[in-house]
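Record features (TrEMBL):
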TRANSMEM  21-44  transmembrane segment
DOMAIN    108-524  domain 'Major facilitator superfamily (MFS) profile'
TRANSMEM  152-172  transmembrane segment
TRANSMEM  181-199  transmembrane segment
TRANSMEM  205-226  transmembrane segment
TRANSMEM  238-259  transmembrane segment
TRANSMEM  265-284  transmembrane segment
TRANSMEM  352-376  transmembrane segment
TRANSMEM  382-403  transmembrane segment
TRANSMEM  410-429  transmembrane segment
TRANSMEM  435-458  transmembrane segment
TRANSMEM  470-490  transmembrane segment
TRANSMEM  496-519  transmembrane segment
């Protein structure tokens, strides 16, 4: 009996057809990066201080700039980043009664005098030093005691990612990769526009959750599809290229944000590509590997013939996948869909799930944390974001070089160790050594980018076809939890000490690297089709493997029978 890998040998492991499909699907990663880290620009918090109607009257009469008015009327305060102008309190006084003149505002009241005057809360709104640009922070005044609402904006995306990854992963394994992808993109198009037109902050959060629900699941479905269409030796290449386009999006984002200063129009721009992806219905076939896992062999045969024809190949074999007890296992999965518990039913699957989940969590926390940190360091956020984005590009090339010669496990672990060490070192480099601090931080960004890119395709290589999409989606939910935690971890702890989040990032990365060393090497190993391929990768019919597989089938059959009884009773 022939396997799907044998069929790909004849149809073309990475021919013209696969090149076309991979090239088209790589575009999905570009807007995903916009959504993932767009908060740096959509939720940018500029320099701000209390608005005072009396000061505004004087400023308009005298023609002062915002900076001149701040110097003359706002006292200095101590904060975690040093001495700064007060952002959340104003002087409780009548400025028209102070005798403040227009000639030389800085000499009228010294900072020593200002610091002795009574203070009060900002009751009339805020002034923002962000001329010509608008974020949702400035529109809804999400500063001072309401600053944590900014964290909620990114956390809402993580909540959407979390629920969407599981739901869409389930859909992709039950109904097919392409059907799920197309339905998801239609949903993204609708909710993305709703985010851009949100009338208030509560509506913004609700639509943001729904928007995130579709974005992450659609991206993961695309990743699984392209890795299932190519031969084993090309999986790593297409996986890395797919994620390289994410880094390309990181480079494009600051340019778009610079020319589109309004966060609402920026959101519209993030959404348009997903509407365009609906045209993939006419260009991309369903995964033959998924069709075979569902015993839809005729459909799989037709699609594979089309792939071979486009690759200018001719098929001579009949598609028929057979492995140890494959007929029984396919019957099990054809009568019911894969369930979340399948990821924990055997010892190896349990280990894979726990280790990969923790690495997804760590990658998300450290990666998002380092990017969002650019928004609180000051300086030119566009230039800083662009420079840090350029650092990500070598990550893909380093992965391609190392995993070809060394394998997956050691580069994966090393990337985490490098990221952890860089975060810890950066935290203790004084601000006076700015360029050294920036250079070490960039090394950390490079390391965590490599780790993030590797966890995705290692995840796809460790799960069998029947639960692959569900496995990737379920493990990546910890990435979404990390996305929920990251903004609170960064913004709230940075108030205590700006470098404290880096200490936590470093510790997490070191633990993640150590756990990676417990995973098996997948270099050159065919994609597993069934649970048998996971528990007995070499097809060794030892008594141990037989017992484990029999127990698995018994549990699965019992689970299916219980579900049927429940439905019958209902």
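Including glycine, each Cβ sits where the backbone N, Cα and C put it.
The transmembrane segment (410-429) shares more Cβ pairs under 8 Å with 496-519 than with any other stretch in the list 265-284, 352-376, 382-403, 470-490, 496-519. The transmembrane segment (496-519) shares the most Cβ pairs under 8 Å with 352-376, out of the stretches 21-44, 205-226, 238-259, 352-376, 470-490. In terms of C-beta pairs under 8 Å, the stretch of 152-172, 181-199, 205-226, 352-376, 435-458 lying closest in packing to the transmembrane segment (238-259) is 435-458. Pairs of Cβ atoms less than 8 Å apart link the transmembrane segment (181-199) most often to 265-284, out of 265-284, 352-376, 382-403, 435-458. Panel annotation: around the transmembrane segment (205-226), residues 18, 21-22, 25, 28-29, 32, 35, 152-153, 156-161, 163-165, 167-169, 171-172, 177-178, 180-181, 184-185, 187-188, 191-192, 194-195, 198, 238-239, 242, 274, 277, 284, 287, 456-457, 460, 468-469, 472-473, 476, 480 of the same chain, lying at least six beyond its termini, place a Cβ under 8 Å from a Cβ of the stretch. Long-range neighbours of the transmembrane segment (21-44) within the same chain, counting only residues 6 or more positions beyond its ends whose Cβ lies under 8 Å from a Cβ of the stretch, are 130, 133, 135-137, 142, 150, 153-154, 157, 211-212, 215-216, 218-219, 222, 225-226, 229-230, 238, 241-250, 252-254, 256-257, 263, 266-267, 269-271, 273-274, 277, 280, 283-285, 368, 371-372, 374-375, 381, 385, 487.
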